[in-house]
Amino acid sequence: MGRGKIEIRKIENSTNRQVTYSKRRNGIFKKAHELSVLCDAKVSLIMLSDTKKFHEYTSPSITTKKVMDDYQSAVGVDLWSTHYEKMQENLRRLKETNNKLRRDIRQRMGEDLNDLNWDNMCRLQEKIVDSLAIIRHRKYHVIKNQTDTYKKKVRNLKERHGNLLYELLLFWDSQFHDQKKKKRKETKESWSDCRVKEARSCEDPKYGIVDNARDYNSALALADGGLSNLYALRLQYSSHPNLQDLRLA
């Protein structure tokens with residue numbers, strides 16, 4: 001079975017159109033390369049897609065410009081003359097505009113005023129006044145923007161300064177409380193040490209703990225008097241009503 005005939009018309013779907021363009025472009029470039037190799041022909045193809053993408057094929061032995069030159073020689077036409085004339089006309093207009101602008105600049109700077117009459121001088125003065133007004137307006141606008149920017153920076157710096165100051169106060173407060181707790185702990189420890197030392201100072205290494213020096217001395221006197229067994233005891237006061245301080249000899 002042969003292939004069906006394809007109707008030649010624009011493909012409406014953009015994706016299908018792009019796929020078809022890519023396939024057929026590659027096929028045309030392949031045929032052009034084969035023609036160039038088999039027949040030693042000078043081939044140049046220039047293609048632009050609907051998306052403005054440029055594609056070109058030129059035989060390896062020639063350039064696009066050489067193909068154009070050979071085309072002009074073979075056909076007898078000048079492709080560049082009209083374009084050259086347009087370029088010349090465009091260049092002339094640009095030169096006139098440039099000279100006019102330079103003369104205008106010199107006149108606004110107070111130079112090249114000899115050829116101006118009264119009306120031209122008045123118009124030049126009006127232009128300068130208008131220019132000054134525009135420049136002054138632009139200057140004030142720039143100053144206002146810079147002032148607003150600096151004010152925002154100052155506000156941000158003040159906020160940062162306030163935050164840092166608040167953090168510093170919190171740090172100092174925590175340090176103060178830590179030192180206060182530490183000092184209170186040290187005071188408590190020193191007080192406990194003093195009580196321990198006071199208790200140890202009342203301890204007699206031979207006869208035990210005695211808290212009354214007179215009783216202790218009396219006990220020693222009795223011991224020296226010949227009593228063989230002598231004990232000096234000090235009973236702490238108790239909440240019980242029948243228990244009192246007792247001394248046994």
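Glycine residues also receive a Cβ, built from the backbone N, Cα and C atoms like all the rest.
Taken from TrEMBL as is:
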COILED    77-111  coiled coil
DOMAIN    1-61  domain 'MADS-box'
DOMAIN    84-182  domain 'K-box'
Averaged pLDDT score, the domain 'MADS-box' (1-61): 86
Intrachain neighbours beyond the coiled coil (77-111), with Cβ under 8 angstroms and 6 or more residues off its ends: 68, 71, 124, 127-128, 131
